[in-house]
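> The structure that follows is given in the form of structure tokens.
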Amino acid sequence: MSFPYPPLEERELKNTIVLFDVDGTLTPSRGHVLPEVLDLLARLRQKVAIGFVGGSDFPKQQEQLGTASVDVRTLFDFCFSENGLTAYKSGQPLASTSFIQWLGEDAYKELVRFVLHYIADLDIPVKRGTFVEFRNGMVNISPIGRNANQREREDFEKYDNVHHVRAEMIEKLKERFGHLGLTFSIGGQLSFDVFPTGWDKTYCLQHLENEAKKPDGIAYTTIHFFGDKTSPGGNDHEIFADSRTVGHTVTDPADTVAQLKELFDL
């Protein structure tokens with residue numbers, strides 16, 4: 001179904017924007033968004049600006065939130081991939097930057113060598129492939145490997161909740177690379193992100209602040225954020241707790257839908 005959306009400056013709550021985490025908030029972890037979630041977002045978009053902010057790169061978010069025929073950039077007013085390091089407003093790209101430029105090739109190679117040696121020596125039930133995934137704004141590290149299937153992902157998440165594989169690995173990385181000014185943030189079922197301190201999900205708020213400074217820009221004085229990993233150490237925590245946002249913790253997409261219906265009378 002096609003929804004005609006009012007221009008941003010004509011939304012009912014012009015100065016309000018609602019931002020969403022992706023995995024566990026709009027979709028099942030690494031799964032595809034359900035039609036009822038998209039329907040509710042379309043109705044919400046009649047009233048306010050909406051956007052997603054996720055650690056994954058844009059192709060993964062296109063896969064989860066869009067379809068072969070529907071560009072995800074048409075479904076949201078703002079798209080913040082890799083925490084906003086890659087960003088779009090109304091389908092048009094905003095300023096971008098790079099993790100590798102910030103860190104430098106030598107330090108990056110040292111980090112990757114350490115990670116691969118650590119994972120090689122790690123005794124966990126299964127290992128698959130793609131243990132280090134390089135992205136524009138961060139590195140994603142998975143002890144089990146991102147090629148694990150859904151059952152293996154769920155099993156590893158349960159195992160990790162008991163044995164704290166990711167948390168212990170992060171502590172080792174902090175000891176070895178603490179001088180580099182990096183943040184390590186657990187997200188999803190099987191991995192964690194590594195990025196420069198300050199390049200967490202709050203990074204996307206810079207884009208909103210920059211938009212407000214433009215001649216025709218809108219100052220978003222109310223910024224709602226919905227996420228499922230909002231506790232300290234989770235990759236939603238920083239933006240959830242930021243003084244510029246109103247944070248909402250959800251347990252799954254159904255909870256997101258329920259909270260949105262109540263909050264915005266949908």
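Cβ atoms here come from the backbone N, Cα and C positions, even for glycine.
Taken from TrEMBL, the feature Mg(2+) binding site covers Asp21, Asp23, Asp228, Phe240, Asp242, Thr245. As annotated by TrEMBL, active site, proton donor/acceptor applies to Asp21, Asp23. Annotated alpha-D-mannose 1-phosphate binding site per TrEMBL: Arg30, Arg135, Arg146, Arg153, Ser191, Asp193, in sequence order.
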> So the record assigns Arg30, Arg135, Arg146, Arg153, Ser191, Asp193 to alpha-D-mannose 1-phosphate. If I measure every Cα pair among those residues, what is the longest distance in angstrom, as a whole number?
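The widest Cα-Cα gap among those binding residues is 21 Å.
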> Can you check which residues sit near Arg153 (alpha-D-mannose 1-phosphate binding site), meaning Cβ under 8 Å from its Cβ, same chain, 6 or more apart in sequence, and list them in order?
Ser29, Arg30, Ile144, Gln189, Leu190
> Of the binding-site residues Arg135, Arg146, Asp193, which one has its Cα closest to the Cα of Phe240 (Mg(2+) binding site)?
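Nearest by Cα distance to Phe240 (Mg(2+) binding site): Asp193.
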> Let me check the 10 A CB neighbour count of Arg135 (alpha-D-mannose 1-phosphate binding site). How many other CB atoms are there?
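Taking every protein chain into account, the count is 22.
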> Select the most exposed residue of Ser191, Thr245, where exposure means the fewest other Cβ atoms within 10 Å, treating these as the binding-site residues.
Thr245
> Looking only at C-alpha atoms, tell me how far Asp23 (Mg(2+) binding site) is from Asp193 (alpha-D-mannose 1-phosphate binding site), rounded to the nearest Å.
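Cα of Asp23 (Mg(2+) binding site) to Cα of Asp193 (alpha-D-mannose 1-phosphate binding site) measures 14 Å after rounding.
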> In whole Å, how far is Asp21 (Mg(2+) binding site) from Asp193 (alpha-D-mannose 1-phosphate binding site) when you measure between their Cα atoms?
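Distance between the two Cα atoms comes out at 15 Å.
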> Sequence gap of 6 or more, C-beta under 8 Å: which same-chain residues meet both conditions with respect to Asp242 (Mg(2+) binding site)?
Thr202, Leu205
